[in-house]
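Chemist: Pulled these from TrEMBL:
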type    : residues                          : note
DOMAIN  : 5-131                             : domain 'Nudix hydrolase'
BINDING : ARG26, GLU37, PHE38, PRO39, GLY40 : 8-oxo-dGTP binding site
BINDING : GLY40, GLU60                      : Mg(2+) binding site
Amino acid sequence: MPDEQIKHVVCGVIFNEYGQVLVGRRRAGVDYANSLEFPGGKVEHHETHEQALIREFEEEVGITVANFKLIYEQRVNGTSEPFHIYFYLIKDFFGQPYGAEGQEVFWLNVDEIDYNRFPPATQLLIQNFILTNNYLNEIYG
Ligand SMILES: Nc1nc2c([nH]c(=O)n2[C@@H]2O[C@H](COP(=O)(O)OP(=O)(O)OP(=O)(O)O)[C@@H](O)[C@H]2O)c(=O)[nH]1
Ligand SMILES: [Mg+2]
């Protein structure tokens, strides 16, 4: 499949004032069902990554996000079709996150993250960006 036809997925990594990261649980019946995830989803036609992140965070966790930085990206073969996934660090948000689509959403301490519970691409993001403490420089540095 030519690269320009591949789906883009954008996900957001957000930390709260306690240094915890926002995580959701994927529902039953979707790919990677019941695994943990960072909120996000597929970029629609004529939408920028930033617009998609803002929309997905409003739809999925009911907060308004701003101030993004790309921290990791990867092509994924996927369970049915390939896609390219982009993880953004989100530096500002407004509102209290909740599972706006009925899914479980919670803040997780970084030292309690078990990366095996996330889809493969997200495992690499966690290993390369969070567990290395690289995120600390981005947020506080
Ligand atoms: N949201 C999210 N999706 C991820 C992560 N890691 C990862 O491989 N994905 C994959 O990215 C793809 C698109 O994400 P999604 O299922 O959230 O898409 P979406 O919100 O647009 O849902 P929809 O298909 O119901 O419209 C899925 O194949 C999903 O498994 C992650 O950390 N967060
Ligand atoms: Mg989603």
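Even glycines carry a Cβ here, placed using N, Cα and C.
Give me the local environment of each listed feature.
Modeler: According to DSSP, the domain 'Nudix hydrolase' (5-131) comprises 31 helix, 50 strand, 46 coil.
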Chemist: With the 8-oxo-dGTP site defined by the record as ARG26, GLU37, PHE38, PRO39, GLY40, how many Å span the farthest pair of C-alpha atoms?
Modeler: 11
Chemist: Roughly how many angstrom lie between the C-alpha atoms of PRO39 (8-oxo-dGTP binding site) and GLU60 (Mg(2+) binding site)?
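Modeler: Cα of PRO39 (8-oxo-dGTP binding site) to Cα of GLU60 (Mg(2+) binding site) measures 7 Å after rounding.
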Chemist: Relative to the Cβ position of GLU37 (8-oxo-dGTP binding site), how many further Cβ atoms are located within 10 Å?
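Modeler: Its Cβ has 20 other Cβ atoms within 10 Å.
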Chemist: What binding-site residues among ARG26, PHE38, GLY40 have a C-beta sitting less than 6 Å from any atom of ligand 1?
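Modeler: Listed by sequence, the hits are PHE38, GLY40.
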Chemist: What does the structure give for the C-alpha distance between GLY40 (8-oxo-dGTP binding site) and GLU60 (Mg(2+) binding site)? Integer Å is fine.
Modeler: 8
